[in-house]
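Q: The structure follows.
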Amino acid sequence: MELSHLALVCAAIAFSSIFVVSQAGITSTHARVSEPSEEMSLETFPPPAGYNAPEQVHITQGDNAGRAMIISWVMPLNEDGSNVVTYWIASSDGSDNKNAIATTSSYRYFNYTSGYLHHATIKKLEYDPSKSRSRCSLHIRYYSDLGQTYASNQTLYNYMSNPKGQAVLFVGDLSYADDHPNHDQRKWDSYGRFVEPSAAYQPWSWAAGNYEIDYAQSISETQPFKPYKNRYHVPYKASQSTSPLWYSIKRASTYIIVLSSYSAYDKYTPQNSWLQDELKKVNRSETSWLIVLVHAPWYNSNNYHYMEGESMRVTFEPWFVENKVDIVFAGHVHAYERSKRISNIHYNITDGMSTPVKDQNAPIYITIGDGGNIEGIANSFTDPQPSYSAFREASFGHALLEIKNRTHAHYTWHRNKEDEAVIADSIWLKKRYYLPEEETA
């Protein structure tokens, strides 16, 4: 299992660019048309040929420390042996085979019954490279609001065409099944087949978005997150979480915290208590970079979903500044935006207002809800551009975070342009914990 790089796919598509520069930042006038993206049909991703063939294979980190992997797949029949994963050390001749036995389940949703969902955890894996975690470089890609449209396909193609990156962090809104009548669960199956060419070979980790809730009282489906929780397992118990909707993992020199925008988070709630304890566990001499994933953005200058993350921001932002979180990735808004390092935690006694101010101990907030979903682009930014916004564009695309060492990382966002990705935004990042200094593009 490689921990040498960490890459980050954020999602976008567009044409030629013009930039409007203000004291606030850059608003790119390069915008993709806002009409909904055309969704690929169910027939685009048929079940694989062969008797009881496994499908929708995906892998995710299986513990907090990175020494385990969860292998997940779906099969139409639950036969003997169909729940076993055989594995061995890559450098061996295969004679030291080991088996991992999967848990098996199936779920019903309205008039749909899933195939047999298997999740097997393989443990005691070796790090590659086997060197100090704090010195490891890392590339992670981030997606959000992907769906399964032709625009989504371009985003995934561009990501897979880039040789960098060994992991994906997905910031919510996967299949968009609930955009269809009765939350058509077949769209969960087609989505699993769609992303399998990547998700079966590189570990994906997920945050849950609003489209994972799948709450439909009109058809008596009142268990939130039922399809998502059954299909996508995460190692939440390894970080002492009580829910798969919030958890943490360590990957090379990075500590990654996943939060839930759609679960209770106020004082005395399980998520609040867990995060308070979790931040105390972060050892910056071991994992120098601290990254948070949350679906609804806290800083967003788009009219779509404006201020939806405000109550969560008020609850947790002081902790993020105190603990010098480096980056917060969000989705939800179907556009791209990067903030400056700002905080809004101090009350102004003069005018009674609380406004964002420059703060070198604060995170950069990046919205990457631009994966290519069926609903199209959110192309209505507020005017003028607020002072906290550094760059924004109404397009689809992907991004790459290259963590070079314990103090420096390079971030790029690539808009989709026809059959290639073009770098539209970039910045060198300096670790908040060691170098709380101004950063440059």
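Cβ coordinates come from backbone N, Cα and C, glycine included.
Swiss-Prot lists His305 with the feature active site, proton donor, giving similarity to another entry as the kind of evidence. Annotated Fe cation binding site per Swiss-Prot: Asp145, Asp173, Tyr176, His334, in sequence order. What Swiss-Prot records for Asp173, Asn210, His295, His332 is Zn(2+) binding site, and it gives similarity to another entry as the kind of evidence. According to Swiss-Prot, the substrate binding site annotation covers Asn210, His332, Val333, His334. Taken from Swiss-Prot, the feature N-linked glycosylation site applies to Asn111, Asn153, Asn283, Asn348, Asn405.
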Q: Cβ neighbours within 10 Å, counted over all protein chains: which one of the recorded positions Asn111, Asn210, Asn405 has the most?
A: Asn210
Q: Sorry to bug you, but what's the C-alpha spacing from His305 (active site, proton donor) to His334 (Fe cation binding site), rounded to the closest Å?
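A: That separation, Cα to Cα, works out to 10 Å.
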Q: Hey, of the recorded positions listed (His295, His305, His332, His334), which one tops the CB count within 10 A?
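A: Its Cβ has the most other Cβ atoms within 10 Å: His334.
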Q: Please classify the secondary structure at Asn210 (Zn(2+) binding site) using three-state DSSP.
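A: It is helical.
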Q: Validating a neighbour-count step here. Other CB atoms within 10 A of the CB of Tyr176 (Fe cation binding site): how many?
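A: There are 24 such Cβ atoms around Tyr176 (Fe cation binding site).
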Q: If you measure the residue listed as 'active site, proton donor' to Val333 (substrate binding site) at Cα, how many Å is it?
A: 6
Q: Any idea what the Cα distance is from Val333 (substrate binding site) over to Asp145 (Fe cation binding site), rounded to a whole Å?
A: 8
Q: Sort the recorded positions Asn111, Asn153, Asp173, Asn283 by C-alpha distance from His295 (Zn(2+) binding site) and give me just the closest.
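A: Checked the recorded positions Asn111, Asn153, Asp173, Asn283; minimum Cα distance to His295 (Zn(2+) binding site) goes to Asp173.
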Q: Among the glycosylation sites Asn153, Asn283, whose Cβ has the fewest other Cβ atoms within 10 Å?
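A: Output over glycosylation sites Asn153, Asn283: least Cβ neighbours within 10 Å is Asn283.
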Q: Rounded to the nearest angstrom, how far is the Cα of Asn153 (N-linked glycosylation site) from the Cα of Asn405 (N-linked glycosylation site)?
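A: Asn405 (N-linked glycosylation site) to Asn153 (N-linked glycosylation site), Cα-Cα distance: 32 Å.
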Q: Whole-number Å distance between the CA of Asn153 (N-linked glycosylation site) and the CA of Asp145 (Fe cation binding site)?
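A: Cα to Cα, Asn153 (N-linked glycosylation site) and Asp145 (Fe cation binding site) are separated by 12 Å.
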Q: Would you mind sorting out which of Asn111, Asp173, Asn283 (the recorded positions) have a C-alpha within 10 A of the one on Asn210 (Zn(2+) binding site)?
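A: Those close enough are Asp173.
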Q: Pop the Cα-Cα gap between Asn111 (N-linked glycosylation site) and Asn283 (N-linked glycosylation site) into the table, whole Å please.
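A: That separation, Cα to Cα, works out to 48 Å.
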